[in-house]
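**Student:** Quick one: the structure is below, and I'll ask about it shortly.
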């Protein structure tokens, strides 16, 4: 594939009959515009790289692909564009063959690396959406870095034909000293083959991947709506027995990810908390909460799930018990009762791991409660069934909640990928269509149109860093902070 370079603009064989000579004064406005584009491209991509380096929130696996794309775009803006402008001004190449080969190599390598970076970014988003939980274990910075290095290695393979084409051919190509062009500029089969491998095939695969991503996200959203419509929402779940007395919902209920807490009441008929003789650190048996006629948990505090384990529930005396085991964590008391040890927010990874630890203890426990109030007994079928039901529901909703968080993030990432792909295709496809036409019809080249398609492809490197803050709130905030822009 002849990735964008301006050699065709001056190649008599490729553009013969349509070539026009432009005077330098006429070129100056165009040179100013193109130079501005080059400077903006360099500045924006440097801003992206600095933002990722300086902001910890941007240190993610997915942004490694963005860094790769930004490096490729930076090379286009800092090396390829300026030398193209210089070649356009001179109307002939007078900088020598070594510098010509360097420019051609940077042009082909950077443009291919940009295409491949978008491609592997698309694959990453596809696997994140299609296999979220499985791919999370596989999706590491080491593997992502290896994939990126592989993409750049394939891109650098362009150096072989650029520098050594004549070494692989018996016939030596005629080289024009005042032109900067590859030795295979007139080899149709090679250019068509590489165009298919480097652009058309990756583009078709990316469109297929993105269609799958779109369908998966859409299907997940429909599934979530169906679940939310048929089951109580995650925030509405309460640990309570299914009896008529406990059906009335109390105002001000808090999140289900909070551990049970009841204040003792002076008057009868209220709930009673049996205070253990040991401190929470010293407790070896579960802390048991008793509850009277209302049959409903008063308050839940945010605990990591691995310290919460459901025990058997006593039957009789209109009480229901929920036990909290401390085998995996320490509880901290305050004047109001039990509180958390500072876990107000549960991360996605914690929930994935903790949901496995949220389970019923293996052994039955018998514990005395307040005098005259009843006893916690093993073998309570009704209570045990309720505990099992509650555990299954909490586990199911925790997984749905984690899956929802992950899919929410991936939906935003898919949106970002959609904009990147749209810009990529719109900017590059005119050049490659025109390129295929020229490959089969050497007299069909129009100098001005071909130059326009080349620079349209280059402008893709300018647009990419503008897309990131539009689709990513962290990029937007970081850009504003770096540029000292107030919201």
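The backbone N, Cα and C atoms fix where each Cβ goes, glycine too.
Taken from Swiss-Prot, the feature histamine binding site covers 107, 112, 198, 431, and the record attributes it to similarity to another entry. As annotated by Swiss-Prot, compositional bias 'Polar residues' applies to 353-369. What Swiss-Prot records for 5, 18 is N-linked glycosylation site. Feature annotation from Swiss-Prot assigns phosphothreonine to 140, 142, 279; the stated evidence is similarity to another entry. Here Swiss-Prot flags 230, 344, 347, 380, 396, 398 as phosphoserine, drawing on similarity to another entry. The region 'Important for agonist binding' annotation in Swiss-Prot covers 107-112, 424-428. The region 'Disordered' annotation in Swiss-Prot covers 238-286, 345-379. The annotation topological domain 'Extracellular' is assigned in Swiss-Prot to 1-29, 90-97, 165-188, 441-446. According to Swiss-Prot, the feature topological domain 'Cytoplasmic' maps to 51-64, 124-144, 212-416, 470-487. Residues or ranges marked as transmembrane segment by Swiss-Prot on the basis of similarity to another entry: 30-50, 65-89, 98-123, 145-164, 189-211, 417-440, 447-469.
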**Student:** Where among the recorded positions 140, 142, 198 do you find the Cβ with the fewest other Cβ atoms within 10 Å?
**Tutor:** 142
**Student:** Taking residues 6+ outside the transmembrane segment (189-211), which of them lie with a CB under 8 Å of any CB in it?
**Tutor:** 1-3, 112, 115-116, 118-119, 122-123, 125-126, 161, 414, 417-418, 421, 425, 428-429, 432, 435-436, 439
**Student:** Find the member of 30-50, 65-89, 98-123, 447-469 that has more C-beta pairs under 8 Å to the transmembrane segment (145-164) than any other listed stretch.
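**Tutor:** That would be 98-123.
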**Student:** With CB pairs under 8 Å as the measure, which of the listed stretches 98-123, 417-440, 447-469 comes out on top against the transmembrane segment (30-50)?
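**Tutor:** If we count Cβ pairs closer than 8 Å to the transmembrane segment (30-50), 447-469 scores highest.
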**Student:** 107, 112, 431: which of these binding-site residues has the highest Cβ count within 10 Å of its own Cβ?
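**Tutor:** Highest number of other Cβ atoms within 10 Å: 107.
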**Student:** Taking the residues 107, 112, 198, 431 listed for histamine, what is the greatest CA to CA distance in Å, to the nearest whole number?
**Tutor:** 14
**Student:** What does DSSP assign residue 140 (phosphothreonine), in three states?
**Tutor:** coil
**Student:** Do me a favour and check the Cα-Cα span between residue 107 (histamine binding site) and residue 142 (phosphothreonine); whole Å is fine.
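**Tutor:** Residue 107 (histamine binding site) and residue 142 (phosphothreonine) have their Cα atoms 28 Å apart.
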**Student:** Round to a whole number and give the Cα-to-Cα distance in Å for the pair residue 112 (histamine binding site) and residue 140 (phosphothreonine).
**Tutor:** 24
**Student:** Checking distant contacts: for the topological domain 'Cytoplasmic' (470-487), what same-chain residues at least six beyond its ends satisfy Cβ-Cβ under 8 A?
**Tutor:** 47-48, 50-51, 54-55, 57-58, 412, 415-416, 419
**Student:** Please report the distance from the Cα of residue 431 (histamine binding site) to the Cα of residue 142 (phosphothreonine), rounded to the nearest angstrom.
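**Tutor:** Spelling it out, the Cα of residue 431 (histamine binding site) and the Cα of residue 142 (phosphothreonine) are 35 Å apart.
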**Student:** For the topological domain 'Cytoplasmic' (51-64), find every same-chain residue at least 6 residues outside the stretch whose CB is under 8 Å from a CB in it, and list them.
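**Tutor:** Here the qualifying positions are 70, 121, 124-125, 128, 139-141, 144-145, 148, 413, 474-475, 478-479, 482.
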**Student:** Over the topological domain 'Extracellular' (90-97), what is the model's mean pLDDT?
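**Tutor:** The answer is 85, the mean pLDDT of the model over that range.
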**Student:** Between the Cα atoms of residue 140 (phosphothreonine) and residue 198 (histamine binding site), what distance do you get, rounded to the nearest Å?
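**Tutor:** Residue 140 (phosphothreonine) and residue 198 (histamine binding site) have their Cα atoms 26 Å apart.
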**Student:** Could you state the CA-to-CA distance between residue 142 (phosphothreonine) and residue 198 (histamine binding site) to the nearest Å?
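**Tutor:** Rounded to a whole number, the Cα-Cα distance is 25 Å.
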